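Everything below concerns the one structure shown next.
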Amino acid sequence: MEGISIAAIQACTRNGPKWGGTTSTLCLPPPYAINYGTSSSLLDKVRQVAREFFEQPMEQKKIISKGVEEFEGYGADPVPEEGQSLDWSDRLFLDVSEDTRKPSLWPENPSSLRDAVEEYSAKMREATNLISKAIAKSLDLEENCFLNQFDGSGYIIILQDDVERLQVHHDGKWFTISTISHALLVLMGDQMDIMTNGIFKSPVHRVLANSKRERISVAMFYTPEPNKEIGPEQSLVNEEQPRYYADTHWKYYQRGMRAIHVAKDITVVARLLESRALNKIKPIDAN
């Protein structure tokens, strides 16, 4: 595949650890996409306009403030549950789809932001097609299966700066992810976890605050359409790898109304609990 090698993804799939009677894959460190057809100058420009936006006075940024429970616009992350801690972050969330974007929430300053984001978004659409095909090939599936079934690809592409504060959780420990200049970090989302029937795991991750340096990252989220129902790819469900997730509507999941553990297929949980009794494997929370 020109531009993006699938070797790392294939290696993760082959070497995925056994968990709960199924094969699951958590890539550590998560894969980076390199030489994917996007110029270094464009990446530098995107990082620069992002920095220029956040360095503006608060009065200027508040012009495009979002509602408390809304995603789009400027502000902090929404809090979907009462009592949930508020993340310490400054965020600008833009829908880049031409059909659903809200022009009123796109900042006028810096003036170069709109063109930079649109050019970058177009390049990332090309990259996400290649990555989706790479994931399908690593599972011995038809390369367009995820593209044909869903308009989104189920993962996050992150352009980072050089402040290493992103961490993923694995085996009870937090691992700091190193940054690579002009490379894109690919994190599997919960929806890809569901679509691959638990083979590709979405990592629990966090970003640590830094009192000395600010961290700026540009994340592109590729998700199914809100009204689409997502579920495991049928060819990945068999006797050795039973159906692990029930189908769920993405719009409810996206709003925080349906956590991924709730989407677990109850019949599979029963099989795993039975297997635990026989093989003394770690139990899975069915609630």
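Including glycine, each Cβ sits where the backbone N, Cα and C put it.
Summarising the annotation, TrEMBL assigns domain 'Fe2OG dioxygenase' to 109-224.
Per TrEMBL, coiled coil is recorded for 117-144.
Each residue in the domain 'Fe2OG dioxygenase' (109-224) gets a DSSP state, and the totals come to 37 helix, 30 strand, 49 coil.
If you average pLDDT over the domain 'Fe2OG dioxygenase' (109-224) in this model, you get 85.
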